[in-house]
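I have a structure here, written as structure tokens, and I will follow up with some questions on it.
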Amino acid sequence: MPGGPSPRSPAPLLRPLLLLLCALAPGAPGPAPGRATEGRAALDIVHPVRVDAGGSFLSYELWPRALRKRDVSVRRDAPAFYELQYRGRELRFNLTANQHLLAPGFVSETRRRGGLGRAHIRAHTPACHLLGEVQDPELEGGLAAISACDGLKGVFQLSNEDYFIEPLDSAPARPGHAQPHVVYKRQAPERLAQRGDSSAPSTCGVQVYPELESRRERWEQRQQWRRPRLRRLHQRSVSKEKWVETLVVADAKMVEYHGQPQVESYVLTIMNMVAGLFHDPSIGNPIHITIVRLVLLEDEEEDLKITHHADNTLKSFCKWQKSINMKGDAHPLHHDTAILLTRKDLCAAMNRPCETLGLSHVAGMCQPHRSCSINEDTGLPLAFTVAHELGHSFGIQHDGSGNDCEPVGKRPFIMSPQLLYDAAPLTWSRCSRQYITRFLDRGWGLCLDDPPAKDIIDFPSVPPGVLYDVSHQCRLQYGAYSAFCEDMDNVCHTLWCSVGTTCHSKLDAAVDGTRCGENKWCLSGECVPVGFRPEAVDGGWSGWSAWSICSRSCGMGVQSAERQCTQPTPKYKGRYCVGERKRFRLCNLQACPAGRPSFRHVQCSHFDAMLYKGQLHTWVPVVNDVNPCELHCRPANEYFAEKLRDAVVDGTPCYQVRASRDLCINGICKNVGCDFEIDSGAMEDRCGVCHGNGSTCHTVSGTFEEAEGLGYVDVGLIPAGAREIRIQEVAEAANFLALRSEDPEKYFLNGGWTIQWNGDYQVAGTTFTYARRGNWENLTSPGPTKEPVWIQLLFQESNPGVHYEYTIHREAGGHDEVPPPVFSWHYGPWTKCTVTCGRGVQRQNVYCLERQAGPVDEEHCDPLGRPDDQQRKCSEQPCPARWWAGEWQLCSSSCGPGGLSRRAVLCIRSVGLDEQSALEPPACEHLPRPPTETPCNRHVPCPATWAVGNWSQCSVTCGEGTQRRNVLCTNDTGVPCDEAQQPASEVTCSLPLCRWPLGTLGPEGSGSGSSSHELFNEADFIPHHLAPRPSPASSPKPGTMGNAIEEEAPELDLPGPVFVDDFYYDYNFINFHEDLSYGPSEEPDLDLAGTGDRTPPPHSHPAAPSTGSPVPATEPPAAKEEGVLGPWSPSPWPSQAGRSPPPPSEQTPGNPLINFLPEEDTPIGAPDLGLPSLSWPRVSTDGLQTPATPESQNDFPVGKDSQSQLPPPWRDRTNEVFKDDEEPKGRGAPHLPPRPSSTLPPLSPVGSTHSSPSPDVAELWTGGTVAWEPALEGGLGPVDSELWPTVGVASLLPPPIAPLPEMKVRDSSLEPGTPSFPTPGPGSWDLQTVAVWGTFLPTTLTGLGHMPEPALNPGPKGQPESLSPEVPLSSRLLSTPAWDSPANSHRVPETQPLAPSLAEAGPPADPLVVRNAGWQAGNWSECSTTCGLGAVWRPVRCSSGRDEDCAPAGRPQPARRCHLRPCATWHSGNWSKCSRSCGGGSSVRDVQCVDTRDLRPLRPFHCQPGPAKPPAHRPCGAQPCLSWYTSSWRECSEACGGGEQQRLVTCPEPGLCEEALRPNTTRPCNTHPCTQWVVGPWGQCSGPCGGGVQRRLVKCVNTQTGLPEEDSDQCGHEAWPESSRPCGTEDCEPVEPPRCERDRLSFGFCETLRLLGRCQLPTIRTQCCRSCSPPSHGAPSRGHQRVARR
């Protein structure tokens, strides 16, 4: 046989998965009673004797024979006392007959094949089955269940161990001697404890089915329906006595094994032990096991199939036992449960032997078809198997299966899934106690409430070990050949039996009473002497515990208090406590905050972190009305549910949706009254008053009678707390009732234009029943409502009326009081979405509401508290795809057959009010695509074309002339030509310049090659539009640099420097040099102002004002009036054909100092000197200030100063020189102060300075010379010269042939008598006066004068430093400054003498005139230049070698001009922006003839000898124009009433679209009024057949105000809905008129009407149908009828 674990090694525990039942101790066939016990060693043999209460010996006969036969009057509750010696200890048994073991009508019957063999009804059964306690003076005693019918046989507890006792088979009782008995400890089953085997196979039978308890719950409900008088459950857990009326069946193998009549005694002994286990206090309930019927099967029953297959055996037995059960609980033989004892080796789900010991239905007690169990006989431990299976019938599950009572260590319990190797007493665990208590409190054990009708027969009981010695116990367990194994272990701990050659144990101790020594036996696992049995101790209740913590923090939780039956604990067969065991009360009644999950949901969520079949789930509760107090949950998004707990936490509502307060308490649904007491039965009256009588109930009713309405209309308000609500239509109508909350957008019923089905709906905390029969609607609810509910009517047709009423609670005495009105602002419903697809807008208006009256005028509410109307976006279903077509572009041609207009066509979907999304074209394939091109302007004929002739010859042979040609309209199309497209008929032609003979002047004496009148009259000769070159951004904005300056006009922005024609400038300059050698009579005066006009001498203009008289400033400079640009601006170049400004890199800044800096050697950073803004006086070409005169109003403004003509070494000096006898040209010169010395000739006035806020310009006077010079750090000082021209002369001078005499210049600051002038302030242009009043050289010099030169570096206090007092002028003039770097511009240049002889020469001696000396002239040198301004030189010397000897007046000309043609070339400006960015345009640029030296403008004929003039026009923008891209129109800003749509307009490539064809970006939309047609429901057909008409109401309604429009034309933008339609078109079936039985009016009256001929009237014919109908031919007359009746 399979082995078991080694001794004292615990068997592994299995996690229970079974619900029906498990095995405890499998047995093996054992010997029959009376067999030999040889081979058994270490048996504790005891010799019990019967004693009295004091311990005195009474008899060796353990149960008196006389008592069995005669003394039937002996008290059944008389105790029996026994003593025995067990392991040297004296044990005393105090036993009492088990009065509840056998029912008064107990029947023991034997069944044979074919029927009942015999039945024995015992009216007075021997009371030899005893219950009580064993005591030891030192050891702790315990319960004892002993049968004393034939010796002592049973079980008892000692020292927390179980012991069996039974008589010793080998030593039968002898008269006068004590009968030997065997005592041994309870052991684990042999097959689980076979020596040397460590495995413990499972002994569980049937797997758990979670729906078993649900089935039981449903069965209980059906039983309650069948038995309505069943009392309801009580609020408290009450301990009540229960009697389990039991049928015990022993199968044929049992009877054969134990034999007759011992088998009956054996079975009763087992059941007596079972009854003792159910009397253990650990079970927590008083339960009596009572046998009403014992059936012994000698043969197999035909309908009872007992096999190894436990499941089939249980099924067969349950069916069989039900068939033999007596109907009616009052029958003496009716049993509550049935127990089968069999010697078959059971196996769950298989028909072969295995380890299963028993099987039972879980929670099957009191169910006739399920209250049954089967148990495998294993000897006396069979009692524990029976108790285990009965525990399953009471709904107890295995310890550790779904609970936390898994056995720990060696402490087993009765409901443990397996037995452990331990002899400790088996008791009920805490979980078993809770299971059986809940089973009974549920009312599932009602069949156990009836006790047996008669007294129970007393019969004696002795410990089983007295009746069955150890050898007998081995034979009972292992068969007839088994014997006790000696010296293996303490028999009171473990019973070891020999099976073949091996000792086996079932880990059970020998039963109590088993002999273990001299006068000792096993008791409760110890070998003790037989002791005295104490008095029975009934149990007593302890005090109530403190109330537990509330099971919930809100929402009505539960607290409990309990007491235990521990003061004292029942002992020695004492009675268990009866009465209230646990009480409950409610707590934390306040409602939980809104939004919290339900209490069941919280309990389900506790399992979210636990794996279920290897996965984590989010559990949500499942409603289970059958078992409302079980926790059933399902994973979210799954479709299966699982019972996660047998019972929910106390305080969980039984039902989630029902309006019930019932709570689950201790796994049972308890009723909660309105007073919040459990099972109080308190009820509310009809208005919700608990224990009320209805006196405070007030019924409110009303009728809504408005006949017409639009959409949802408020009917009335049901307040919170309303009950008995009834709402119904007065008559049938096609309208619909609706319910909404105070939130206008929250509807409970029929909201959102959606009609719901009939049924129950949760509304405001209660249930409304919605019923619609035909067109008649009503709503009912018991209430109460937890919030106000608005009744609304959805109009479809005229309203016949809506009646509503409800009941509300009002305090008594308050009926006559009118509550004050309460006004408040509320939001109305949201309007319909402004769009039917995509995203739109909804609005919610605010209205004033009175609590009772409903909506009222806004004047009643507080205007300051009025909330703003709300607006929100609304989203409808996506808009369908559609084609969008843009606007037609401008026609490609304004006339002719080729005109074509295009537009963009896109597939789009409207997303929102102002948003569209583009789709692929296939999305719009279901719609026809709009055309993208259309012909245009093809009906318009094009204008005629222009025809042109050939150009004529130029009108001049040189210079500029004109050319002409004929231009005619061809009239080829019949339409006049377009004047705007007419070609030019006259153009300007330019030929080479007209040249004058060299050395001669023009007709007017001008050296320019043309007359001054010609120059003056050519308005386009010098471009007036040229502006000064802008200064860099880092420089301050320059001041004005105009030529015409007026005093006291500092605000005027005067034009900057402009350019003059270098040709005239250069020629005049050369004439000036000719004046140096020719006398006044030889060379005429030249105009040095740079105007190009010859100015008459002062004496020839008598009208000119005196030079000494000031002229007031009366008007701005003439230059600005003539179109010359004013102050510099960032864009001073207007487009003009043939003209272009100098390139930006060549533009001259407006800062005056820049014009004086060297161009070639000056670094780029020169403009960053930070020069201040100032006004620069108009300076003529020769350096003179030239005020504007009437004659010079059209003078060309001066551009660059003449210093820029100098070579680099001399460009830092500007010398303006004029002779003393010359007058400055112009007018308006101010009166100058007189000379400081009276010996000097008077000064000539120079001109006026430009007035500024701080006059920073001083005036200089010299001996006949006035010079303007800016003096600034790094600037240039003035140079005074009378005889030597300093402008452009250095480039004309050849190296000197003869040394010049040395001349010295003394600084004026060191000379006495120098006048002082105001010192310029910081930041201004410093002008230094150099006056050489007494330092003029003798006039006999050759024309070299003194040129005092100021310092370039400022001295202290801002005054310029001076040079040394005496500096040779000639060496300074003919020397080259050494510029080492641009940084040296602030220092005085180091001069390098060109002629050392000149530097060394001293002052000249007095002149000694040599007679006959004459001038000698050398050969002319080559021209200094090939073009432009040049000169030739020749040496001139006096024949005597001393120039002083020759007359200066006769000196030949040493230099003269050459090559008068300027170096000219065409200069092209930048191309202008194309006139059209696409489609063919033109670009222009300015082409000018300029001097190649400094790009000064020249007249065009200067460039004609050179290359041809570059083109000034060119085509551009030839690429074709692209179409403008336009997005889809955005949603209209208004749904109606006129809005605006916008769209994006852009060019795919910037600049490649025709701007003139740019589409509009906005357009008006939704111009129709805000109205729509509103239709009502169709009315009833006017006729059910034969052609009828249905009509409906059609109105034009303003969607903004909701009011109908008087003028239906306002809805003209929508199609008129049909207001009628045909119906009932099927043909009517012919209907026979109803048969007239009798007249409705009296017979006499009808006869009178008939006689009067009124039967022709339909009403009369209907009322008197019998009288008015013609008599039938076959009908007897009334007279005949009367005769017949007679």
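Including glycine, each Cβ sits where the backbone N, Cα and C put it.
For reference, Swiss-Prot lists these features for the protein:
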DOMAIN    462-537  domain 'Disintegrin'
DOMAIN    881-940  domain 'TSP type-1 3'
DOMAIN    1523-1567  domain 'TSP type-1 7'
CARBOHYD  N94  N-linked glycosylation site
CARBOHYD  N693  N-linked glycosylation site
CARBOHYD  N778  N-linked glycosylation site
MOTIF     202-209  motif 'Cysteine switch'
SIGNAL    1-27  signal peptide
Can you grab the distance from N94 (N-linked glycosylation site) over to N693 (N-linked glycosylation site)? Cα atoms, rounded to a whole Å.
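Between the Cα atoms of N94 (N-linked glycosylation site) and N693 (N-linked glycosylation site), the distance comes to 62 Å.
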Rank the glycosylation sites N94, N693, N778 by the number of other Cβ atoms within 10 Å of each Cβ and report the first-ranked residue.
N94
Under 8 Å between C-beta atoms and at least six residues away from its ends: which parts of the chain pack against the domain 'TSP type-1 7' (1523-1567)?
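Distal contacts: 834-835, 838, 840, 884, 886-887, 889-890, 902, 904, 906, 908, 910, 912-916, 918, 1476-1479, 1599-1600.
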Just to be sure I understand, if DSSP states are collapsed into helix, strand and coil, how many residues of the domain 'Disintegrin' (462-537) fall in each?
13 helix, 23 strand, 40 coil
Provide the three-state DSSP residue tally for the domain 'TSP type-1 3' (881-940): helix first, then strand, then coil.
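Taking the domain 'TSP type-1 3' (881-940) as a whole: 4 helix, 23 strand, 33 coil.
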How many helix, strand and coil residues does the domain 'TSP type-1 7' (1523-1567) contain under DSSP?
3 helix, 13 strand, 29 coil
Using C-alpha atoms only, work out the spacing between N778 (N-linked glycosylation site) and N693 (N-linked glycosylation site) and round it to an integer in Å.
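A Cα-Cα distance of 28 Å.
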Where does N693 (N-linked glycosylation site) sit by DSSP, helix, strand or coil?
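Its secondary structure by DSSP: coil.
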State the three-class DSSP label for N94 (N-linked glycosylation site), counting H, G and I as helix, E and B as strand, and everything else as coil.
strand
If you average per-residue pLDDT over the domain 'TSP type-1 3' (881-940), what number do you get?
88
